[in-house]
Amino acid sequence: MKIDFNTLFPSSTKEYISGTIYNNIKVGMRRIHINDNSESILTYDTGGPHTDQKIKIDINQGIEKIRLNWIVDRQDVEYHKRQEVNTNSEYAFPLQSNNILKANSNKPITQMYYARNNIITPEMEYVAIRENALRQKILSYKPTVMAPEITPEFVRQEIASGRAIIPANVNHPESEPMIIGKNFLVKINANIGNSVVSSSIEDELQKMIYAIIYGADTVMDLSTGNNIHNIREWIIRNSPVPIGTVPIYQALNKVNGVVGDLDFNIFKKTLIEQAEQGVDYFTIHAGVLKNYIDYTDNRLTGIVSRGGAIMAHWCTIHNKENFLYTNFEEICDIMKHYDITFSLGDGLRPGSIADANDTAQFLELKTLGELTDIAWKHDCQVMIEGPGHVPMHLIKENVEKQVHFCKEAPFYTLGPLTTDIAPGYDHITSAIGAAIIGWYGTSMLCYVTPKEHLGLPNIQDVKDGVIAYKIAAHAADLAKGNPSAYIRDYALSYARFNFKWYDQFNLSLDPETAKSLHDESLPSENAKSAHFCSMCGPKFCSMKLTHQIKSIEE
């Protein structure tokens, strides 16, 4: 399953930057070589060992556990026997360990706890290097103004305040630390996962690898079909990015899809099972309160969140309050002993433009703010999930209310889709909203693929969704004034104006596609040095004419 990195990203090499506080830190970055290899720029890389051609990966063994020593050296964890899970051995990960890590006392082992106690962890230095390295540019035509350096101390302060998170379960030591917060690069998430209708373990593992190679910062496994536990194990053991899940899906699977048979004990066992596997963040739909359900009655599309609909159905069947809400402190107690991050789910998000910014949506958001306070009291890391389907003129209100209710906890939104009329193109309708909401301060954007509302995404859909959202996140970073975003735009525009076609391809988000589109009309090698393309031809190229004007003036 090794992908040819040199084909996808020509003229790129993997490079590692060492830490200074912790000298055993090695942060992987991608260097793009340009100007006939005389210059280069450094870019953020999410692929881990999957984008290092020097590393041989055996997916049956998983990838290197780069954080294991950092975790053990803190001396606040101990090994426990993993709870037994009935899995189909035919599909099980072959090297599944029976030992897991957990806090050795009642003290939290979260990045927030360390940050609040003035401890800079290796994870904090790691993300500071990742965020800051892009600003260290060796191009001669660099911008004159650079923003202040992102230091490990700044990272610590942001995490202590709750404005940023590092999802990093101690049982996922393979993950390369990354940070989600409005004062950092805008991140993107890719959803994968099987259904009862389609897909296999191999398919989902391949989707994960493609997603991170093209730039997904986190991946959510939303499997609802067969072999949920096994799929997740394969993904986690081979993933260098944080993995998120919606545990209520597997809990419902355990009761054969009968919502009324769910209870907190089943959910709790599922939570611990996934915590022991190494899931880095959980979507918990604890804000769907019984009294809020009636507010969805007049909606055009009702409740469109799967988790939200499950919990609303359960509340209605039993005429009781949401057990995720009533047992929230106990959930916090589990999370803090593994350092699992809350992704507080928007179970009442709007599923159509007609339902955007309604009472149900904002009642739930207010409750998520109250739950954030409770989680922070336990030193648990938190991000807040957001919509959904929102027209452009209503997007800003979502961010303003989230900041107010949730006290600047990172916002994580699904798009939002800005119109409902384009099935098959919802990666575009949503990337428009994602760019806008990212500009307003959303920290992570959950991708939408062309298959949204139509079916289970395949590998090409995953790639298309990731690229669309890398564009949205990058556009938001530009609008926010992030210098690392500006650098790459500047370099590509320089290459374009000077007809350096290979540099233009290689600096793009998808070099393979850029080159293939150019090759459709001008496939010859000579065309790669021509001062025109097939759009204008040699006589009408505005940039060529501009060069001629300059030569006359000189």
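Cβ atoms are placed via backbone N, Cα and C, with glycine included.
Small disclaimer: the values here were computed from a predicted structure and weren't measured.
Of the residues MET124, MET208, MET220, Swiss-Prot places MET220 in the same substrate site as ASN191, TYR249, HIS285, SER305, ARG306, GLY307, ASP346, GLY347, LEU348, ARG349, GLU385, TYR412.
Same-chain neighbours of the [4Fe-4S] cluster site beyond CYS533, CYS536, CYS541, judged by a C-beta within 8 angstroms of the site's C-beta center, are, in sequence order, PHE532, SER534, MET535, GLY537, PRO538, PHE540, SER542, MET543, LYS544. Every protein chain considered, the tally of other Cβ atoms within 10 Å of the Cβ of ASN191 (substrate binding site) stands at 23.
Residue with the densest Cβ environment among the binding-site residues GLY307, GLY347: GLY347, by other Cβ atoms within 10 Å.
Cα separation, CYS536 ([4Fe-4S] cluster binding site) to HIS389 (Zn(2+) binding site), rounded: 39 Å. In the three-state DSSP scheme, CYS536 ([4Fe-4S] cluster binding site) falls into the coil class.
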